[in-house]
């Protein structure tokens, strides 16, 4: 490491801090998925449970939104990858002046706020629909179509950037050689350029699908009265939450990690095979290890262990522990109530003692004051989360629990 | 026209007629029907009254400045301090988030490009990307778990006795700023990384041999190379932060709106699309104006964005 220019201990420490900022919130969210407390939290820990996954799967609206999102995502991939490819090809052939102008036009959708894109999409297609005299049931007022249009607008630009990066490394003499050898232009395109671009097509498809699936800002306007996975999720989070969303995060993170590991195994393997170091390396030289680190095998192992964990989790029953926690809470509430009663009784006696001889009219207010000050509040003590905790717990509406 | 014609012929000779037609059609459709016309339609819409459907296109459907006037003057004709204030606050907060992101991401990008090697570098790249495959809403939700009144930080803080009553991080907008900073880190790291990676290591060593201190090396050698990357990242982070909707809805305080939330309200709660469009146009113009101004100040061109 190069000391003094950012290497060494400081760099390591900073990286550590940075990645704990990156992963900390996610890890905590994952842990809350297994806490039986009805508001997602770690402290106080109640019971280990897997019931939130069942709650998640049972949410029809979310599952319906998931279907919509998958449909839109596939549509966006099918439209925006070709458009992005066309944009990249057009840019790569242009003169510098024209290129700069077109580049500015095509890149702006990335910079325009998603909200603005969504609004402009519904306004434009609505106006077009009115122009041709279509009614509200037509495609111009269809949430799915509008979402496709709105998302393709900027997601195509992502795809275009991927293709541009790949095209920069393309050697145009290859196409010229093919043409000289008698290939038709179309053949040269299919046999030379497209195969060269195929890795970029893969990553563009992945990127566009992810961007479409995740998008909220544009979709929340263009989907109109319908819902996608992300919009359902957002409305759920805004209107109070329960740990089933954490369970969802667990699933998404698991998928992500599996994907990342398989991809890593794949790149390492193909790299080792390509540069010929496979035979010499310890892992790829050993026949057993070689099979184990094959991407498919890695995938199978991961899926196997996840299914095993899922099965184990589905067999796990948290009801005993939950009953225990509930009993504890009840006991605590009883105890608090009892203390309350004692206090009130004591105050009553004290009030009765002082009031002997004074006007009787004053006594109701004295009682009122005593009750007002000692109103039973077992629910709000932070240490005893109650069944009502959920109602009070959701962020913005939360009262100051003092 | 001639330029287009010659270009089309160039494509035809190089890739074939079918491909040339496809490129021409796709780019035309994208640039016109998806990018240009919708923006123009929105601009047109923002100058109209909010009429019932039957009256649209009728004699009362005329252009007006009413929607824009409302932004500045409100209902009573005075100064609309609320809405203008929200726009101003949104911009300031977006700048703030952008600056924090630059400060966090520049060291990481530099470490990634020049200090980390082999496995560590690969792991860092994966570690950077993986959190951003998780849904934006869920990332905001994670911050809500952290910062809520009964959240993790309050829980621990009260447990070990740092403070007695829960601190309202949500009302104080701390949750929102952290969430926004988190949300767009990736968009800042990679442009800076791409720029810094191009730097020749020998330049750093030469500067060090000449006796430059570490901050001087960064200030005079690394930063000038990183500048286009920082500008590109800052532009994207600023625009996305100013245009963010999910994070303010989830993490924002109840009395503390983001400008996009105002637009959302005009559309979904007041059903006044015209005024919503006007507000969207205002947001777009102000953001673009601000970014162009900043690009002038730091002398970068838009062609460098997204590289």
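Cβ from N, Cα, C; glycine included.
In TrEMBL, annotation is done automatically, which means it is predicted and not curated.
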Check each of the ranges A:139-164, A:165-190 against TrEMBL and return the one annotated as transmembrane segment. A:139-164
Tell me which range among A:37-61, A:287-311 TrEMBL lists as transmembrane segment. A:287-311
Can you tell me which parts of the same chain pack against the transmembrane segment (A:245-266), counting only residues 6+ beyond its ends and a CB-CB cutoff under 8 A? 26, 29-30, 32-33, 40, 52-53, 55-56, 62, 233, 236-237, 293-295, 298-299, 302-303, 306
Counting Cβ pairs under 8 Å that are 6 or more apart in sequence, does the total for the transmembrane segment (A:192-213) and the transmembrane segment (A:70-91) reach three or more? yes
Relative to the transmembrane segment (A:139-164), which of A:12-34, A:103-127, A:287-311 accounts for the most Cβ pairs at distances under 8 Å? A:103-127
For the transmembrane segment (A:103-127), sequence-distant contacts whose Cβ falls under 8 Å of one of its Cβ atoms, 6 or more beyond its ends: 87, 91, 140-141, 145-146, 149-150, 153-154, 156-158, 160, 215-222, 224
Sequence-remote partners of the transmembrane segment (A:12-34) [C-beta within less than 8 Å, at least six residues beyond its ends]: 40-42, 48-50, 52-53, 243, 246-247, 249-250, 253
